[in-house]
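**Student:** What follows is a structure written as C-alpha cells; I'll ask about it next.
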Amino acid sequence: MSERRAYGVHAVLAAASLAMVAPFVWQVITSLKTLSGATRVPPTLLPEGRWDNYAKVFDLLPFGDQFLNTVIMAAGRVAGQVLFCSMAAYAFARLRFPGRNVLFGVFLSVLMVPPQLFVIPQYQIMSSLGWLNSLQAIIVPGLFSAFGVFLLRQFFLGLPRELEEAARLDGAGPVRIYWSVMLPLARPGLVALAILTLLWAWNDLFWPLVVNTDPEKMTLSAGLAALQGQYQTDYPVLMAGSLIASLPVIAVFVFLQRQFIQGIAHTGTKG
Amino acid sequence: MTTTARSRPVRAAHAAKGRRRPRTEALWGYAFIAPTGLGLAIFYLWPVLQTAYFSFTEWGAFGGHTWTGLDNYTRLLGDPEVGRAVLNTLTYTALGLVGIPLAIVFAALLNRQGLRGVGVYRTAFFLPVVTMPVAVAMLWRWLYNGDYGLVNQLLAAVGVDGPNWIADPATALYALVVVGVWSSIGYNLIIFLAGMQAIPKELYEAAAMDGASRVTQFFRITLPMLSPTAFFISIVSVIGSLQLFDLVFVMTGSGQSARANPAYARLQTVVQLFYERAFVTDDRGYAAAIVIALLVLIAVLTMVQFRLQRKWVHYV
C-alpha cells in the first residue's frame, strides 16, 4: 500500500477517534473543576484539581450502597446465566429427549419480544413476593436468558464430539460430561456470555429504576438518573458521578478487550 | 444436526449395550433445561400473555382491574401524545440508520492490510459502547448545554451562535440521533470488521490482477459480500432504536420537570410514554396497550425489512 494514502487513512481514523474520545476527556476535565470554573466563557482547558467533587457525589447519594448493589446484581446475573444457560445449552446441543426442538423454539420466541412487555407482570410478581426494593428483585429475573442459551448452544454444537464419546465409554454420565468435558472446552463461549451479561447488567436502567425506588437499594444507573434529576446544573459533580459509575466496566473492557470484542462479534453471527 | 452422522456407529454400539440409556438421557435433558425453562416461563413467557390481557383492562386506584374490551386501543388511536411519540421514535430510528454506512466506511479503513495502530482506533470507537447509557446521556447533556457546553463554545470560536440543542424543538431530535449514532458505531464496526475478515482474500487478489482500484474493490466486492451483515445490523438497530428510553429519560427526565423542556414533545418516545403510564400515573392497562402496539410496530418493520432484503442482500 502506498505510504501517502496510508496517511490519509490515518487522518480520517484519527479525526473520528478524537470525536469518540474527546467527550470523555472533557468529562474528566469538568469533573475536576468548580462550578464557576466549568461555566467560564471562553472555557479553560485545564482541570482545577477539585477532587472534592468526587466526595460530594457520596454526600448527595448513598453512592457506596448503590455501587455495592450494582456489583452484587451484576455478579449474581453473570453467575446465574453462565450456569443455567450452559446447562440448557448443553441439553439442547447434545442430549436427545422428546420435544427438544419445540422447547428450543419456545425458548427462542422470548428473544423476539421487546423486553418492555415483561415489565408490568414482573413488577407485580416482585410486589406480591414483597421483593420491591430488594437485591432479589434486580437479580432474579436476570438469572435466565434465552439469548445466553442460544449463544452457548451454537458454541456447543461447534465442539468436537470425540472427548465426550471417550468419557462416555469410561462410564461418565451427562452430569460428569457436562461439568468435566463440555464446560472446560466451552470456556471462550462462557467468557463471551459472562462479559456481555456484565455489560448489560451494569448498564441496565429500566428494570432497576422501576423495582427499586429506595435510594439505598438503587443501582448506579438509576441512582445517577436520580442525581441528575436533583442537581440538574451542578455539572462538575454530575460528571464526577457518571465517571465513577461507568469506570468499572470500562476498566474491565480495557483489560479483557480481546474477549469483549470476540463476544460482541459472536452476537453478530446469531442472525 | 450434521455432526450427528459421524458418531452414529458409536451411538449404535451404545444402544446395543444398554437399552435404558435413551430414557435416562431424556430425563437428564429435562433436568438440564429445567432452571432456565421455569425462569423463562415465570418471568418472560407468562408475563407476555398477561400484558396482552392487561391491554384490555382498566386499572383502578387500588390495583384492581376490570375488563374494558378494546377501549385502550381506541383511546390509543386518538391520543395525540401517542401519535407524537410514535412519530418521534420512527424519525429517530430512520435517521439513526446513517450509522450503518458510517460504520462500514470506518471498518473498511481499519481493515486495510498492514495498517498500524488498529488496536488504538478500535478501542476509541468502542469506548462509548461500554459506557453506561445514563452516563453517556449526562455527558452529552453537558456538551449540548446552550450557554457553557463544549459544542457551542467550539461553534462560538468560529463565529457561530449555537442553539440550546436538546431544549430547542428544532434541533432536539437531531441532537439525540447524533448521540445514538456516536454510542453505537463501535458495536456495528466490530461486527462489520468480523464480516470483512470472513471475505476470501482471493477475491481481492483476482480483482487487483484485473486492475481494479481499491475503491472499485470496495464497491464490487466488500459491499456485496458484507450485505448479509448489514442486513443483520439493520434489523438489530431498528429494533433497538424503536425501544429508545435511557438517553431520553436522562436528558428530559419525566413528569412535570420534563414537560418544562420546550422540546419535550419532540423527544418523547414510545417506551418513555410506556414508563410514564405504567409507573408514574399507574395507568397500567393503557400502558400495556402501548407496548402491545410497540410489539406490532417492531414486527411490521422487521417483516418489511425481510421483504426488502431480496432487493439488496447478496447471499453467496
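In case you wondered, yes, glycine gets a Cβ from its N, Cα and C as well.
Fair warning: this is a prediction, and the values are worked out from it, not measured in the lab.
Below are the features listed in TrEMBL for this protein:
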- A:7-29: transmembrane segment (TRANSMEM)
- A:67-90: transmembrane segment (TRANSMEM)
- A:67-256: domain 'ABC transmembrane type-1' (DOMAIN)
- A:102-123: transmembrane segment (TRANSMEM)
- A:135-156: transmembrane segment (TRANSMEM)
- A:177-202: transmembrane segment (TRANSMEM)
- A:237-256: transmembrane segment (TRANSMEM)
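Tell me what's around each of these sites.
**Tutor:** Same-chain residues lying 6 or more positions outside the transmembrane segment (A:67-90) and placing a CB less than 8 Å from one of its CB atoms are 107, 135, 138-139, 142-145, 148-153, 155-156, 178, 182-183, 186, 190, 193-194, 197-198, 201-202, 208, 212, 217-221, 244, 248.
The list of residues near the transmembrane segment (A:102-123) in space but at least 6 beyond its ends in sequence, with Cβ under 8 angstroms from a Cβ of it, reads 88, 92, 141, 146-147, 149-150, 153, 206-207, 210-211.
Through the fold, the transmembrane segment (A:135-156) approaches residues 69, 72-73, 76-77, 80-82, 84-86, 88-90, 92-94, 104, 107-111, 118, 122, 126, 129, 182, 186, 188-190, 192-193, 197, 201, 204, 207-208, 211-212, 217, 219, 266-267, 269-270 of its own chain, all at least 6 residues removed from its boundaries and within a Cβ separation under 8 Å.
Residues of the same chain lying 6 or more positions beyond the ends of the transmembrane segment (A:177-202) and with a Cβ under 8 Å from any Cβ of it are 70, 73-74, 77-78, 81-82, 85-87, 90, 94, 142, 145, 148, 151-152, 155-156, 159, 163-164, 167-168, 220-221, 248-249, 252, 256, 259-260, 262-264, 266-267.
Here the transmembrane segment (A:237-256) has Cβ contacts under 8 Å with residues 27-28, 30-31, 53-54, 56-57, 60-61, 63, 67, 71, 191, 195, 198-199, 202-203, 220-221, 223-224, 227-228, 231 of the same chain, all six or more residues outside its ends.
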